[in-house]
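A.B. asks: Quick paste of what TrEMBL says about this protein:
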- 34-55: transmembrane segment (TRANSMEM)
- 76-96: transmembrane segment (TRANSMEM)
- 93-382: domain 'FAE' (DOMAIN)
- CYS237: active site (ACT_SITE)
- HIS316: active site (ACT_SITE)
- 399-478: domain 'Beta-ketoacyl-[acyl-carrier-protein] synthase III C-terminal' (DOMAIN)
- HIS400: active site (ACT_SITE)
- HIS404: active site (ACT_SITE)
- HIS433: active site (ACT_SITE)
- ASN437: active site (ACT_SITE)
Amino acid sequence: MVNGEGSNGVQIRQRRRLPDFLQSVNLKYVKLGYHYLITHLLTLCLVPLMAVIIVEASRLSLDDIHQLWIQFQYNLVSFIVFSAVLVFGSTVYIMTRPRSVYLVDYSCYLPPSHLKVKYQQFMEHSKLTGDFNESSLEFQRKILERSGLGEETVVPEAMHSIPPRPSMTAAREEAEQVMFGALDKLFANTNVKPRDIGILVVNCSLFNPTPSLSAMIINKYKMRGNIRSFNLGGMGCSAGVIAIDLAKDMLQVHRNSYAIVVSTENITQNWYFGNKKSMLIPNCLFRVGGAAVLLSNRSTDRRRSKYKLVHVVRTHCGANDKAFKCVYQEQDDAGKTGVSLSKDLMAIAGGALKTNITTLGPLVLPISEQILFFVTLVAKKLFNAKIKPYIPDFKLAFDHFCIHAGGRAVIDELEKNLQLLPVHAEASRMTLHRFGNTSSSSIWYELAYTEAKGRMRKGSRVWQIAFGSGFKCNSAVWVALRNVKPSPNNPWEGCIHRYPVQLNL
């Protein structure tokens with residue numbers, strides 16, 4: 001109420017108007033109510049029916065129950081046949097249903113602090129190599145400033161040398177340090193012996209020596225001779241989800257098994273020493289990192305597991321020539337090898353994302369969102385082509401988002417297109433800032449960030465989404481089986497109190 005003075009000095013009480021409904025009512029709560037009503041419509045309809053059945057059953061006397069038993073005796077054959085069919089059907093269902101896949105624990109590699117590279121050090125080393133002209137150096141400086149990377153990211157030891165020594169030996173050393181560093185912590189945290197592992201899947205896109213990386217792990221930990229091992233190469237930053245999918249399929253076949261997935265990338269032999277700008281970007285973004293994940297299909301492991309795998313959705317756009325070549329390893333005019341990023345990359349990633357979430361949406365979105373999307377689509381087609389398409393609210397399907405930390409632009413676009421809040425992209429931005437683009441393992445550093453912040457609650461649903469060469473967009477959906485605490489020696493231990501940091505975007 002507002003008071004004021006008139007010309008005659010008399011106070012005039014202004015009339016209090018009713019507030020604008022749209023301004024006073026937070027529409028998100030209306031939407032949440034609608035979502036709850038539609039999602040639980042079947043339950044709300046069944047509750048009265050169940051209440052009636054319970055009330056009627058409570059009215060049965062002993063004589064009524066006796067008469068019912070007599071009826072069963074007169075129809076004994078039918079009763080036995082019905083019971084046999086019921087038991088047989090239940091047995092078939094139990095034997096053929098997909099086995100649950102549990103994520104027991106995972107571990108992310110924490111590189112030693114002496115390998116950290118600051119902006120100034122990066123630029124000084126780039127200049128001292130003598131391979132880059134002034135234009136290329138300036139280009140790298142601008143990319144670094146806008147990248148979203150902080151001053152604590154790590155490059156391999158071979159890149160700290162002047163001149164750099166990108167040898168096969170140095171590349172093997174990097175791979176061993178990352179993979180064995182993550183696996184040592186995983187075995188220690190889970191008390192699982194290496195010889196108990198029945199399935200091993202390793203993914204590394206650009207470094208594929210002979211013997212393979214998976215063979216290096218088997219040799220190091222003396223794993224058993226009948227282990228099913230796989231080595232995925234050339235599949236880009238989304239290969240971590242592909243490896244999870246492969247392990248999941250293997251766990252459907254092999255009962256009571258443990259599977260380990262190791263996701264990493266190798267920088268030592270894949271640093272670009274030329275002056276083609278589209279091939280210089282990976283130098284500025286990619287950093288050392290890796291993760292090891294322990295999966296199980298044993299029902300006894302459910303109680304100690306962190307998550308259960310719900311869905312994996314994979315999208316491959318390789319049939320399109322532009323998509324196929326938008327992330328492309330090649331030689332420049334001077335014969336120097338590197339990975340070229342096309343100017344069409346973001347548009348192609350957007351198309352792949354659209355295809356992926358179109359498939360994922362019906363699996364995870366509440367029915368309320370699906371109805372709104374369908375009704376808007378029909379109205380747009382039949383009545384008004386100018387009606388904006390309805391963008392489903394994935395915040396109703398997921399509690400946490402692990403967006404591949406491929407770069408600031410990737411995170412920005414997904415946050416915008418999926419209409420996420422800053423907190424939903426926080427784990428991705430902070431992972432990019434602290435560790436850089438660690439390729440396929442970045443989604444695990446992000447999950448570790450969420451755990452370290454104490455935000456993972458029982459029943460929380462997590463969406464891991466990654467992009468990779470080919471071009472691919474892959475999603476994995478997990479559900480937390482308990483209030484998840486960070487594992488010992490997690491990568492954010494000792495520094496999580498400093499995050500989130502303020503970024504100059």
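A Cβ is built for glycine as well, from the same backbone N, Cα and C atoms used for every other residue.
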A.B. asks: For the C-alpha pair, I'd like the distance in angstrom between HIS404 (active site) and CYS237 (active site), rounded off.
C.D. replies: 8
A.B. asks: Most Cβ neighbours within 10 Å: which of the active-site residues HIS316, HIS400, HIS404, HIS433 is it?
C.D. replies: HIS404
A.B. asks: Roughly how many Å lie between the Cα atoms of HIS433 (active site) and CYS237 (active site), rounded to a whole value?
C.D. replies: 17
A.B. asks: List the Cα distance (Å, whole number) between ASN437 (active site) and HIS316 (active site).
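C.D. replies: Each residue's Cα considered, ASN437 (active site) and HIS316 (active site) end up 22 Å apart.
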A.B. asks: Where HIS400 (active site) and CYS237 (active site) are concerned, what is their Cα separation in Å, rounded?
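C.D. replies: About 20 Å separate the Cα atoms of these two residues.
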A.B. asks: Rounded to an integer, what is the Cα-Cα distance in Å between CYS237 (active site) and HIS316 (active site)?
C.D. replies: 13
A.B. asks: Just to verify: the residue among CYS237, ASN437 with the fewest other Cβ atoms within 10 Å, which of the active-site residues is it?
C.D. replies: ASN437
A.B. asks: As a quick check of your reading of DSSP, tell me how many residues in the domain 'Beta-ketoacyl-[acyl-carrier-protein] synthase III C-terminal' (399-478) are helical, how many are strand and how many are coil.
C.D. replies: 38 helix, 20 strand, 22 coil
